[in-house]
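In Swiss-Prot this protein carries:
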- Cys97-Cys189: disulfide bond (DISULFID)
- Asn5: N-linked glycosylation site (CARBOHYD)
- 1-25: topological domain 'Extracellular' (TOPO_DOM)
- 50-57: topological domain 'Cytoplasmic' (TOPO_DOM)
- 80-100: topological domain 'Extracellular' (TOPO_DOM)
- 121-140: topological domain 'Cytoplasmic' (TOPO_DOM)
- 159-196: topological domain 'Extracellular' (TOPO_DOM)
- 221-237: topological domain 'Cytoplasmic' (TOPO_DOM)
- 261-271: topological domain 'Extracellular' (TOPO_DOM)
- 292-312: topological domain 'Cytoplasmic' (TOPO_DOM)
- 26-49: transmembrane segment (TRANSMEM)
- 58-79: transmembrane segment (TRANSMEM)
- 101-120: transmembrane segment (TRANSMEM)
- 141-158: transmembrane segment (TRANSMEM)
- 197-220: transmembrane segment (TRANSMEM)
- 238-260: transmembrane segment (TRANSMEM)
- 272-291: transmembrane segment (TRANSMEM)
Amino acid sequence: MDGDNQSENSQFLLLGISESPEQQRILFWMFLSMYLVTVLGNVLIILAISSDSHLHTPMYFFLANLSFTDLFFVTNTIPKMLVNFQSQNKAISYAGCLTQLYFLVSLVTLDNLILAVMAYDRYVATCCPLHYVTAMSPGLCVLLLSLCWGLSVLYGLLLTFLLTRVTFCGPREIHYLFCDMYILLWLACSNTHIIHTALIATGCFIFLTPLGFMTTSYVRIVRTILQMPSASKKYKTFSTCASHLGVVSLFYGTLAMVYLQPLHTYSMKDSVATVMYAVLTPMMNPFIYRLRNKDMHGAPGRVLWRPFQRPK
């Protein structure tokens, strides 16, 4: 099949991780519940940060953008899953699949880069506190976030363009929850060696470079914390960084479960890793920040109950 013409008029079948009607009903309610919790949690984080002047700091500016990214990420994948669970027609167009893939790649990359910027923010706050205000100026924060968005958009466009060079033939059944690069390469009948090599090379750069930066930042942060004379100050500083460290561990852990394996051994039935990567991480991020960050403990609750409070 010609990659430029016939692919554009073809469809894929998103069969999900189970074809049993009973299991699909269970999965529908499970994913719907997780989606609603994710949306509510991340929207509350965004509203709490935007409405509380005490949270108008670089750390929470990046956290609000991380929540927006997670919100957009689950909205890109889960609604289509829910429709497929309830419908006999599980088709998704070629263009629709590429669109979903583009946003998937871009948003995961954006998550990754924002986490790296947040690590830099924590490094400056912990290791160079006297220079924090000037080092993390509003202009620099906007510039860093703009760079994150720009690189994410370009990386998403690059991988999506590479996939348009692939030829598909035979059954186009995707036993997966959404259109994923690895799954689509698995279905290809043309030679994907060059594309797979490019995918690994660019993926290592775009993901391992920020991971190395975050690791270096936290080594220096831990070293600085250990040199603090006061135990209470050590605990307070570590608690501030612990929430971000927890999110980073969850993000890279689930990402590794899905993608750190050769293409020919890639399991299309790897449902546990898929659910953790696609749903659990965005859902857990707001809870991690609320539990581990003192400033965020009551902020979402205040936003939630504000409409029911009587004016004084």
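Backbone N, Cα and C define each Cβ position, glycine as well.
Put plainly, the disulfide-bonded residues Cys97, Cys189 were compared by Cβ crowding within 10 Å, and the winner is Cys97. For the topological domain 'Cytoplasmic' (50-57), the DSSP-based tally of helix, strand and coil residues reads 5 helix, 0 strand, 3 coil. Against the transmembrane segment (238-260), stretch 101-120 has more CB pairs under 8 A than any other of 58-79, 101-120, 141-158, 197-220. Below 8 angstroms of C-beta separation, residues 58-59, 62, 217-218, 220-221, 224-225, 237, 240-241, 244 of the same chain, each at least six residues beyond the ends of the topological domain 'Cytoplasmic' (121-140), sit close to that stretch. Computed over the topological domain 'Cytoplasmic' (292-312), the whole-number mean pLDDT of the model equals 58.
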